[in-house]
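Below is one structure; the comments refer to it alone.
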Amino acid sequence: MSSKYPRSVRCCLPLWALTLEAALILLFFFFTYYDASLEDQKGLVASYQVCQDLTVMAVLGLGFFTSNLRRNSWSSVAFNLFLLALGVQWAILLDGFLSQFSPGKVAIKLFSIRLATRSTMSMLISMNAVLGKVNLVQLVVMELVELTVFGTMRIVINNIFKIDYGMNMMHIHVFAAYFGLTVAWCLPKPLPKGTEDKYQTTTSPSLFAMLGTLFLWMFWPTFNSALLLNPIERKNAVFSTYYALAVSAVTAISVSSLAHPGGKINMTYMHNAALAGGVALSASCHVIHSPWIAMVLGLVAGLISIGGAKCLPVCFNRVLGIHESHSVHYTFGLPALLGEITYIVLMALRVVWASSNMIGFQVLLSTGTLSLAMAMSITSGLLTGLLLNLKIWKGPHVAKYFDDQAFWEFPHLAVGF
């Protein structure tokens with residue numbers, strides 16, 4: 001019988017992380033340079049503001065978003081920052097190497113950081129499905145694999161399907177959610193008896209998690225429009241995302257009250273469903289020209305998110321044996337699928353209205369890229385999950401799931417365990 005005491009990562013984590021960081025520094029030294037071309041100062045400032053918004057979403061939004069478990073909030077915030085800092089470095093190099101087939105150094109621009117931050121956010125979303133069940137070393141391995149597969153998928157979509165960066169990034173939520181869920185399916189389960197209390201939420205952590213939701217809610221229009229170069233598409237994305245978020249927030253509170261026998265509002269439902277509209281608009285926001293379409297999509301996404309939160313843990317997760325701790329499926333996965341299907345339907349309607357073979361071809365491309373994203377996320381997630389089960393990573397024992405005390409120093413405690 002294996003020990004229930006947490007396995008120390010004192011040697012494994014510093015060795016792995018610092019070696020990786022040293023390798024990244026060498027790669028940046030030999031293969032990158034700052035782009036020296038003159039840019040319009042006003043455009044540079046605007047571009048930096050977009051980078052700043054994305055960083056706020058990644059650090060504060062996704063960091064606090066997963067801090068609702070009362071004994072796992074420290075890991076949520078700090079691991080999120082660590083993985084973002086490491087992932088952006090790897091994503092910049094990866095995008096540079098994959099996007100230029102000819103040998104030479106990679107030019108680093110603000111757009112490179114913007115693209116890398118969005119790519120890394122896919123990992124931060126996937127992490128929600130396994131947070132509390134893996135250590136930081138396993139998360140680093142998971143990040144390297146996911147960012148590599150995600151970057152490769154985008155390059156394949158860009159070069160084979162001829163879809164630009166703004167469009168092929170719309171699969172980020174679908175890829176991230178189902179990659180994370182597949183990894184979670186591979187990890188040891190179920191939770192042993194006596195640790196259910198660690199999976200409970202309390203007032204203060206739930207409030208911080210709601211703070212993360214608010215940061216994400218405020219900056220989601222920037223997230224959906226960050227990589228769009230056409231001014232009209234960017235305007236449509238900002239407007240449509242805002243209306244969808246507004247309706248999903250109203251839906252979250254209203255339907256949460258309706259779902260409770262006493263008419264009380266569930267903070268967890270609010271925490272998840274308020275963002276559903278923004279997630280659902282990630283694929284189609286740039287092609288929606290009327291507010292009512294975005295509002296209807298936000299309403300449906302909110303309903304799906306709350307319905308998933310109420311039914312999926314019983315009907316779906318238990319059947320498939322998936323235990324994911326932070327509502328990834330019905331906060332990101334299902335609303336994102338709704339958005340992808342909506343985009344395909346909107347493009348199909350344009351075929352009917354315009355009788356254009358080119359638009360019809362684009363519908364087929366959109367369906368193909370969605371299928372590719374799903375296939376690559378599930379396949380790579382399965383392989384990553386099997387890789388994380390190897391004993392060399394010193395993963396935590398199931399008795400220490402969702403327990404910050406397994407990784408953090410608590411000076412006020414006289415006895416560690």
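Note that Cβ sites are derived from N, Cα and C of the backbone, with glycine treated the same way.
Quick look at what Swiss-Prot annotates:
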type	residues	note
TRANSMEM	12-32	transmembrane segment
TRANSMEM	44-64	transmembrane segment
TRANSMEM	77-97	transmembrane segment
TRANSMEM	125-145	transmembrane segment
TRANSMEM	172-192	transmembrane segment
TRANSMEM	203-223	transmembrane segment
TRANSMEM	238-258	transmembrane segment
TRANSMEM	265-285	transmembrane segment
TRANSMEM	287-307	transmembrane segment
TRANSMEM	331-351	transmembrane segment
TRANSMEM	358-378	transmembrane segment
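Stretch with the largest number of CB pairs closer than 8 A to the transmembrane segment (287-307), among 44-64, 125-145, 203-223, 331-351, 358-378: 331-351.
For the transmembrane segment (44-64), the list of distant contacts is 76-77, 80-81, 84, 110-111, 113-114, 117-118, 120-121, 124-125, 128, 208-209, 211-213, 215-216, 219-220, 222-223, 226: same-chain residues at least six beyond its ends, Cβ to Cβ under 8 Å. Among residues of the same chain six or more beyond the transmembrane segment (12-32), those with a C-beta under 8 A of the stretch's C-beta atoms are 86, 89-90, 92-93, 96-97, 105-108, 135-137, 140, 393-394. Stretch with the most C-beta contacts under 8 angstroms to the transmembrane segment (358-378), considering only 125-145, 172-192, 265-285: 172-192. Beyond the transmembrane segment (203-223), the same-chain residues lying 6 or more positions past its ends with a Cβ under 8 Å from any Cβ of the stretch are 50, 53-54, 56-57, 60-70, 73, 118, 237-238, 241-242, 245, 249, 267-268, 270-271, 274-275, 278, 282. Residues 65, 68, 170-173, 201, 206, 209-210, 213, 216-217, 220-221, 223-225, 236-237, 240-241, 243-249, 251-253, 255-257, 259, 294, 297-302, 304-306, 309-310, 327, 330-332, 335-336, 338-340, 342-343, 346 of the same chain, all 6+ positions outside the transmembrane segment (265-285), place their C-beta atoms under 8 angstroms from a C-beta of that stretch.
Below 8 angstroms of C-beta separation, residues 17, 20-21, 24, 27-28, 31-32, 58-59, 62-64, 66-67, 106-108, 112-113, 115-117, 119-120, 123-124, 127, 131, 136, 139-140, 143-144, 147-148, 151 of the same chain, each at least six residues beyond the ends of the transmembrane segment (77-97), sit close to that stretch.
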